[in-house]
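Enquirer: So TrEMBL has the following annotated:
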- B:66-278: domain 'ABC transmembrane type-1' (DOMAIN)
- B:12-33: transmembrane segment (TRANSMEM)
- B:65-93: transmembrane segment (TRANSMEM)
- B:100-123: transmembrane segment (TRANSMEM)
- B:150-175: transmembrane segment (TRANSMEM)
- B:203-225: transmembrane segment (TRANSMEM)
- B:256-281: transmembrane segment (TRANSMEM)
Amino acid sequence: MKDLRTGLTRRRLLGTAIGGAAAMAAFPSWAQARTLNILSHAVHERVLGTAEGDLLADWKAANDASLSFTTFDSNPLQDRLFREASLPETEYSVGYLIDNRPTSDIAALFEPLGPLNDANPIEDFGDIAPGLIQGMTVDGNLIGIPVRHATQALFYNEALLEEAGISAPPQTLEELVEQANQLTFTSSAGTPVTGMVLASDLAVFPVMFARAFGGDFITHDFQLVPDRAAMEQGLSVLRGLFEAGALPRSYAATRNDDMVTWMQQGRAAFTVLPFARFAQLNNPEQSNFAGRIKAIPFPGSSTLPAGTPMSAVVEAWAMVIPRNATDKELAWSYIREVSSKRVTLGMALNGNGPVRVSSYADPALMQANPVAEIEAGVLANARGAFPPFPEAARAQATMLEEVQLAVLGRKSVTDAVGAIIDRVGPMMPA
Amino acid sequence: MRTRKLTELLPFVAPVHVLILSVIVLPALYVAWLSLMESSFGQAPSFVGFDNFIRVLSDPSFRSALWNTVVLVVVAVHVELLLGLLLALLFASGLPFRRVLLVCTLAPYAVSEVIAVVSWRYLFDPQAGPVTQLLLSLGLPVLDWSFEPVHAMILIAMLTIWLHLPFTFIILYAARLAIPGDLYEAARIDGARPWQAFRRVTLPMLGPAIVVALLFRYIFAFRIFSEVWLLTGGGPARTTEVVAVYLYREAFTYNAFGTAAATAWIMVLASLLLALGYVLVLRKQVTGNAH
């Protein structure tokens, strides 16, 4: 039958449709031979560089492969990664995993990498920080190769300190509190300055304050609040800062990005962020205080015995291969290349926290990153905020809820710490 | 003959059934099944009966979230109805620059919820927000929404009313325009005053439209998420959390799919109950007024 208006016949219509479908099905063969699909945070893709600065250009050419990144923010990324790894098959052959997520059940979704490393080893594997490797070893299986760490530092605005007549940044937590209170003022530019800005939705900050007194939230051997007095002291300091106005009134609504903005605008004198934020905080295109925002190790309390190291919080990312991935061979090849000394250093120069000890000895990195040496020192004693276990996310949220109540003055610090112990206790692994 | 016609027609209707079955019925059944299971990533689902429902209903955070949701829905939907009705009557009475004003009134409905929340968060920033600064300069009290849960709830309610007022307004405005002018003419001849005309003519005639607007808004408003999640995240200390945020945490933060599914079903039943009771009462009143 022929349509008299268009001249289209049924045979021609069907032929065109089938031909078009066949052409579309054949399309991938026109592109590069292999595409490696990767689930990551945007920062993981960015630090690998682009165009002329592409750190993987040679690897791509040698493997006739292209990379296709699908990026998300941290929590949605982990959710999507676990979802993909739970399917019968996934086209994502590499994923980026945070070190406080792999419980036994989660780890079982990913390929054990030990045998792959034995058969085709990563360059100088022993150079990768052993603590980070340990964090990715679950039930005796290495399931992820560390690729990035974010170690927390104390950032301060040097210009504001000078304006307030403070000649040196704090060496102890007590000095930090004193300076933060002193720096809660209106600057000469007319900007109301808050001594310190901290987000209220991350466990990092209360944990850092508890550790400053030798305490912790959950240790790596699963002790909940091992030193109750230290936790109470840490939270009392936060509450004192809030009551003095040295933490913003909007503390409960403050998020990570707010901390960066406040520091760049000179609205806060101190904050706690990963060392890797140094470049962003001092970026002349974004910051009103480019070059004047400095980083030092977060100080411990003067009440701690002399020589007691302060354990800053470190969060590490690792590359994993889902067990159901379609191209494990290419995935391992990618992981080997990204873990090489050359790429690790290249990524570090692009702002990545390097997982290789040797990277910190590189003159180029030392020159490009003024805080690299300090970061290396802090990393030596750093550990995760809490270990992975099935109810870790709920435990963190519960702790943060009680911390907010204590800091905002809606509950006494003693009661809040008691509630943390009572409520989180049943969530702990047996 | 009739049977044959139905058979012939079935292929044309079938895609609709397949669509409804695949995007509504099957997912709903799957969520119902999941609500009876304990399930997370890397675990095979295991049957736990109604434990998830008991766990959710006995959780103080859920009860607080449910209370917050009910308060927000009741306040927001009724204020929206009142404002929508006032605006509809105002527009119907004849306004200068009616088209421009109509565009202004409807504009919030074209704004993405995320953009709206980010804008409002900026405007009402407790330290540097333009609205906060303006109120301070006028010596007026400000909304301390990042500290006071009640203030946060007020801001969330204001935001959701602003976002969804156009929906209620346009339904009521269209219904008001459809009322024949003869009725008002007859009322006027009978000596009805404006208030009597409103009570005896406008309100009964708008009854069905009011029911439709309320029904839709009750069900939509019960799902409130973006406004709360992006503005307060449910804080401080979960005091402004609503049921949809509770569900999100269970599913996507704690990966507890069983309790998340149970929460979803409780949410559906609660919203239907809330809407159903109100609609029945209102229908009765409207019918009574009409007679």
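For all residues, glycine too, the Cβ spot is worked out from N, Cα and C.
Worth saying up front: this structure is predicted, and the values here are computed from it rather than measured.
Could you tell me the structural context for the features on the list?
Expert: Under 8 Å from some Cβ of the transmembrane segment (B:12-33) lie the Cβ atoms of residues 261, 264-265, all in the same chain and six or more residues away from its ends.
Remote same-chain partners of the transmembrane segment (B:100-123), defined as residues 6 or more beyond its termini with a Cβ less than 8 Å from a stretch Cβ, comprise 87, 91, 129-131, 155, 159, 162-167, 169-170, 226-227, 230-231.
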Enquirer: Same chain only, please: residues at least 6 beyond the ends of the transmembrane segment (B:256-281) with a C-beta under 8 Å from a C-beta of the stretch. Say none if there are none.
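Expert: Tertiary neighbours of the transmembrane segment (B:256-281) are 31-32, 34-40, 45, 48, 52-53, 55-57, 62, 66, 69-70, 73, 211, 214-215, 218-219, 222-223, 243-244, 246-247, 250.
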Enquirer: Going along the chain, which residues at least six beyond the ends of the transmembrane segment (B:150-175) come within the CB cut-off of under 8 Å?
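Expert: Long-range Cβ neighbours of the transmembrane segment (B:150-175): 68, 71-72, 75-76, 79-81, 83-85, 87-88, 91-92, 105-109, 111, 113, 116-117, 120, 124, 143-144, 205-206, 208-210, 212-213, 216-217, 220-221, 224, 227-228, 231-232, 236, 239-240.
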